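According to TrEMBL, the protein carries these features:
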BINDING   30, 31, 32, 33, 34, 35, 36, 37  ATP binding site
DOMAIN    3-349  domain 'RecF/RecN/SMC N-terminal'
Ligand SMILES: Nc1ncnc2c1ncn2[C@@H]1O[C@H](COP(=O)(O)OP(=O)(O)O)[C@@H](O)[C@H]1O
Ligand SMILES: [Mg+2]
């Protein structure tokens with residue numbers, strides 16, 4: 001698929017902007033702080049209903065405005081669709097597809113798919129487990145938009161269970177009323193049900209990503225691998241099916257219960273898991289060099305792209321300011337690998353940062369205007 005027109009109102013720094021787009025490569029070039037990332041962030045929002053830079057919608061609405069609108073015309077094969085999202089921080093967002101408002105924002109998921117490369121990606125390798133969980137879960141949702149519902153169910157149950165545990169911990173410390181354990185049992189069931197579904201999807205995803213990541217790493221840094229992906233669950237065990245994972249989670253929750261009541265927080269479940277990234281026999285985190293860490297992060301994104309493409313509906317590739325971060329060799333290899341994509345959106349501060357194989361349409365971004373160069 002590709003986006004044929006992007007239109008923003010009160011999104012980030014843009015009061016209003018219209019950007020016609022073609023398939024193939026489009027580069028947005030301009031000095032820092034001019035609004036290049038803001039444009040591709042909007043495309044990413046259509047794909048994930050979130051930003052790769054911030055965790056809430058409020059910063060996406062132009063300072064002083066009440067709501068932001070992201071509108072895009074999308075083409076998949078012969079099919080054209082018009083998507084509109086209205087971002088209302090603090091209130092429910094709204095969505096329209098082909099001008100029909102009988103849809104929820106979540107229904108937009110799956111129409112636009114993106115794989116985004118950004119300087120922040122280094123944190124996939126060097127950062128906290130939360131970065132890797134988000135990577136997995138966003139890809140799960142891109143593969144299967146229905147999982148957005150399971151993710152938000154899990155988050156809601158987790159929050160409520162934590163509230164319950166916290167008040168139990170406080171009560172214990174101050175000699176108050178003790179916790180009604182049957183209530184906790186109910187929450188355990190809810191948590192294990194949504195958790196098992198998420199876990200099953202993560203394990204399935206990692207199995208699919210493993211060979212693709214190794215292949216991509218070899219393409220970016222020949223002879224540098226192999227790389228290996230290993231899931232590190234907080235509830236240990238061998239289970240793979242959803243039913244077995246459900247049992248495994250319940251058993252781990254039972255085992256952790258005493259400690260959870262003492263600490264007032266849920267200690268077991270997909271929100272505490274990690275993805276171990278191995279380079280050769282060592283973990284990449286803490287051992288890989290800066291260049292190796294970059295290759296790894298890029299390999300994970302390229303593998304995501306291969307996977308989504310193989311499963312139909314080719315995603316838009318977004319490369320936000322990444323070429324300036326890379327040495328010449330990695331830069332050239334990455335550019336060659338992404339160049340054939342159906343649609344590739346690149347941002348760069350200067351023309352020279354855009355590799356030659358990515359010659360295509362070019363826009364100059366400056367002071368809130370986006371003009372074809
Ligand atoms: N909600 C907002 N309202 C107004 N301006 C914003 C908002 N969010 C970001 N900006 C401005 O957008 C600019 C950054 O745009 P960005 O797309 O990240 O730049 P770059 O071209 O370097 O990628 C900054 O000047 C910032 O102040
Ligand atoms: Mg930027």
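Including glycine, each Cβ sits where the backbone N, Cα and C put it.
TrEMBL labels come from automatic prediction, so no person has curated them.
Shown here: features listed in TrEMBL, placed on the structure.
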residue : record           : contacts (Cβ under 8 Å, 6+ apart)
30      : ATP binding site : 36, 349, 364, 365, 366
31      : ATP binding site : 349, 366
32      : ATP binding site : 349
33      : ATP binding site : none
34      : ATP binding site : 365, 366, 367, 368
35      : ATP binding site : 12, 13, 14, 365, 368, 370
37      : ATP binding site : 53, 118, 320, 321, 347
- prompt: If you check the binding-site residues 30, 32, 36, 37 one by one, which have a CB less than 6 Å away from any atom of ligand 2?
  reply: 36, 37
Statement: binding-site residues 31, 35, 36: those with Cβ under 6 Å from an atom of ligand 1 are 35, 36
Field: Count of other CB atoms lying within 10 Å of the CB belonging to residue 36 (ATP binding site)
entry: 26
Query: Relative to the mean position of the Cβ atoms of 30, 31, 32, 33, 34, 35, 36, 37, the recorded ATP site, which additional same-chain residues have Cβ within 8 Å?
result: 347, 349, 365, 366
- prompt: Where does residue 35 (ATP binding site) sit by DSSP, helix, strand or coil?
  reply: coil
Field: pLDDT averaged over every residue in the domain 'RecF/RecN/SMC N-terminal' (3-349)
entry: 94
